[in-house]
Structure formats: structure tokens, C-alpha cells
Amino acid sequence: MNKVVVKNVTFGEGAPKICVPMVGKTVAALKEEAEMLKTIDLDVVEWRVDFYEDVKDLAKVETALDEIRVVLPETPILFTFRSAKEGGELAVSDEFYFELNETLARTGKIDLVDVELFNEEADVLRLIETAHKHDVKVVMSNHDFDKTPAKEEIVSRLTRMEALGADLPKIAVMPKSATDVLTLLDATNTVSEKADQPIITMSMAGTGVISRLAGEVFGSAMTFGAAKKASAPGQIDVNELRHVLDLLHKQF
């Protein structure tokens, strides 16, 4: 399996890396969040820009990013606009979604960009090309807040992401039972054994918490923890998350 190196973080080896979302609505709130995150043992910060009140002003988005970078100069930043159709805060046009992500990728000030799989393939490929040209890694994602698809479908989506050029394919699904969690873990194990790229998977809500902890066993390279406000159901406090991941890593 290929390793994906972003600043001082290597995906695809050791314990799953911890990513913590920033969900501030204003620059002041984002700076405050960044100052807090600076004191926490994490690997990646995800800026959930769909929470930012001036997201439709690209110049203000870049200025906000600059302010975050002042506080977190060496921390890998994952730039994510989560669309409303995949559980995000704001509905925007496809045109704006791609313009925003391409513009920020071109700045070279982000390390990773989230690209949702279920878009026009030509747009997705263009964004991947732009990101890679500016040394930005691509987390390609899909979120199902209603259900857990069949194992074959989860495998198919992750495999498709890799085929399109994702550096880190990612899927998050909602379990209705413990069996659904096992389906996600089984699919993760199957894909990670044959994939060229590290993958990121999770089963959401309380039922799925085990999937956020067991990535090193089943083959998920990153997990999401909460420092202030969870951006998805089931996220665990980052300090507790680190403790459990370290415990499992020592035994593995």
C-alpha cells in the first residue's frame, strides 16, 4: 500500500491519524478554535468551511485561512465544504462548490481537500488535477446518513474513488444495528487488503463508535474526534480517542 505523507503526518502506517474539525462561523471564532486546537494532541485539522458565514466570498475565505495558518503553521489542514446533500450546513450550486475548492487548492495554503464522489465526473477529475498540481492531497468522500449500504456497494464506492485518483478514499455510513457496523468493518478490511491507497471509513452515531477506534485492525487510516463541537454523530472527545488508539496500537 502507498503511504500518503502530508507535512509531518504519514497515512497508511501505525495508528489511525486523528482529525479534529473546526466549525467556527466567524474569523474570530475560528482563531479561538485554532488556539485551542494548538494545545491538543491531534494530527490533522479539518476546516468545515460550510459553517463559515462568509463562505460565499472567496477572498474572505482565503483571509480566514491565512488567520488559521498563523496559529497552526505546521498542522495539516483538510479543507472541506460539506454539501447539504451529504449532511453539510449550506446548499450551494455545483458551480460554486467546484469554484471554491479549486480556488483554495490553487492557493497552496491547504494540505488536503475533500471532494465528494457523487458529482459530475468531469468536474471531479478537474478538481483532482488542480489539487495535485498544487501539491494538495485529495480526500474523496461519500456520506450516507440514512443507512449502511451493502458490503459490495461500500467496496464499490471506495474502489471507484481510488480509480478516479483519490489519495484517501473516505466513506461514512449510518448503522441501524450492530450488524451494519460489522458490514462497514468487513468492507473496510476487504478494501484495505487490496487497495493501493490508505482508506478512511466510519460507522456513525453511538452504535458505530467502535469503528472510529478500530481503524488499525480493520484498515482505516484516519478517525475524527471532537474538541469543541462534534461535526458528525458519534465523534469522540479527542483526548479519550488518543488514549484508546494508543492502547490498541500497543497491543496490535
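Using the three backbone atoms N, Cα and C, a Cβ is placed for every residue, glycine included.
Values in this document were obtained by computation on a predicted structure and should not be read as measured data.
What Swiss-Prot says about this one:
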BINDING   GLU46, TRP47, ARG48, ARG82, ARG212, SER231, GLN235  3-dehydroquinate binding site
ACT_SITE  HIS143  active site, proton donor/acceptor
ACT_SITE  LYS170  active site, schiff-base intermediate with substrate
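Structure coloured by features recorded in Swiss-Prot.
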residue : record                                               : DSSP (3 states)
GLU46   : 3-dehydroquinate binding site                        : strand
ARG82   : 3-dehydroquinate binding site                        : coil
HIS143  : active site, proton donor/acceptor                   : strand
LYS170  : active site, schiff-base intermediate with substrate : strand
ARG212  : 3-dehydroquinate binding site                        : helix
GLN235  : 3-dehydroquinate binding site                        : coil
For the residue listed as 'active site, schiff-base intermediate with substrate', which of the listed recorded positions (GLU46, ARG82, HIS143, ARG212, GLN235) have their CA atom within 10 A of its CA?
HIS143
Roughly how many Å separate the Cα of TRP47 (3-dehydroquinate binding site) from that of HIS143 (active site, proton donor/acceptor), to the nearest whole number?
17
Where GLU46 (3-dehydroquinate binding site) and the residue listed as 'active site, proton donor/acceptor' are concerned, what is their Cα separation in Å, rounded?
16
Rounded distance in angstrom between the Cα atoms of ARG82 (3-dehydroquinate binding site) and the residue listed as 'active site, proton donor/acceptor':
10
Rounded to the nearest angstrom, how far is the Cα of HIS143 (active site, proton donor/acceptor) from the Cα of GLN235 (3-dehydroquinate binding site)?
15
